[in-house]
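What TrEMBL records for 24, 84, 123, 454 is (6S)-5-formyl-5,6,7,8-tetrahydrofolate binding site. Marked as K(+) binding site by TrEMBL: 229, 248, 250, 253. According to TrEMBL, the feature GTP binding site maps to 229-234, 248-254, 273-276. The Mg(2+) binding site annotation in TrEMBL covers 233, 254.
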Ligand SMILES: Nc1nc2c(ncn2[C@@H]2O[C@H](COP(=O)(O)OP(=O)(O)OP(=O)(O)O)[C@@H](O)[C@H]2O)c(=O)[nH]1
Ligand SMILES: [Mg+2]
């Protein structure tokens, strides 16, 4: 069982030296343990919520002068008695304190166990627990913004509202089921379908927001592709402003894709330098690299298709065939080595062309602003839009929609008994998002992604 009533301990701050470190204890014995090892300067008893300064002493050894924060249950992060020791950030002190507390009968916490306990004790729902991980990992303005909204419970509130509406529909169906032998209809099918449709519409909006949420959380992926030697790695380095990829005049220098990120105006971009596409190669390794290039193209939000000469027919053919393969992909055509090209460059088939010299930097800033502009289109949001960022939520919403559509389709043709099963399944999928419906596998999967001490 996941629910434990033993006392857990962990170092909550990153490993290594720092000005201070925090050691966290949660569970029934937290206060008993701290009383044995802490000598408070204050006259207040170590009983109620307080912050106290004092010494940690153990077996006649003075360990450190520390601050302790006492949070009595249920008004604590986990809903249990918590003691946080704020000690000096020496690795020796941190490890010593940890081993002393373990000696007193506490157990080392598993990853995410403090937050798991908060969830099991009803302090937060599952959505909020996941957002805590997101907020710890947030690197940009937007990833932070979505995580903080989720912590406030915006998604949970919406899901609870939708579940309430679905439960209303379910009660209508069950009412009809109870009186099925009397052959009378209680459901106004038209009205029922309308209500179902409104719920589906709301869920679909959430599903659509995932693309934005995912792009902003994990970064907008921009793949740099093209034939060998056109200057992809040179451009990659220029965009990142450091020599990340090896550049050489030998075709086939980049064998495997290389990825690095850059944050521009609060948005994270993941630039991917790829192996040059050479369809005639017999080299086994090069072929593997090219295969990976295609897999990256598939997952990218934007493709920078680089050429090193202005051959209108060739470029048109190449871009057309890529666009046919991936009709929804946005492709920017880049003519690199502009410093060497003497020809006049004009738009091809109304497609804008970027003239750059990656080596000397010409046109790269303009390209970067167009990339930023493109990202704004896919990330533009109304201020209060709820955005989902978790694949788990996305999958659950998709499943819920599937069952609600099934109900809508079969409303007047199948027995209310079956409709009721489908509505319940949809409800379960929504309940899984907030944790109203859950199981050990889901919880283990979520909390194993946390760090120890959170
Ligand atoms: N004159 C000029 N040379 C460039 C420019 N960009 C890249 N080069 C040169 O072109 C050669 C190939 O550059 P890379 O960046 O390694 O090309 P690549 O497309 O990554 O090549 P592969 O990894 O082999 O596919 C190097 O000698 C670069 O210095 C440019 O804008 N102008
Ligand atoms: Mg390269």
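Any Cβ shown, glycine's included, is placed from N, Cα and C.
From a predicted model like this one, the values you see are computed outputs, not experimental measurements.
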Rounded Cα separation (Å) that holds between residue 275 (GTP binding site) and residue 250 (K(+) binding site): 12
Three-state secondary structure, residue 123 ((6S)-5-formyl-5,6,7,8-tetrahydrofolate binding site) (per DSSP): coil
Number of Cβ atoms other than its own within 10 Å, given for residue 233 (Mg(2+) binding site): 24
Neighbouring binding-site residues, C-alpha within 10 angstroms of residue 248 (K(+) binding site) - of 24, 84, 123, 232, 454: none
In sequence order, those binding-site residues of 24, 84, 123, 454 whose CB lies under 6 Å from ligand 1: none
Annotated binding-site residues 248, 251, 275, filtered by Cβ under 6 Å to ligand 2: none
Distance, residue 250 (K(+) binding site) to residue 123 ((6S)-5-formyl-5,6,7,8-tetrahydrofolate binding site) (CA atoms, angstrom): 60
Number of other Cβ atoms within 10 Å of the Cβ of residue 250 (K(+) binding site) across all protein chains: 9
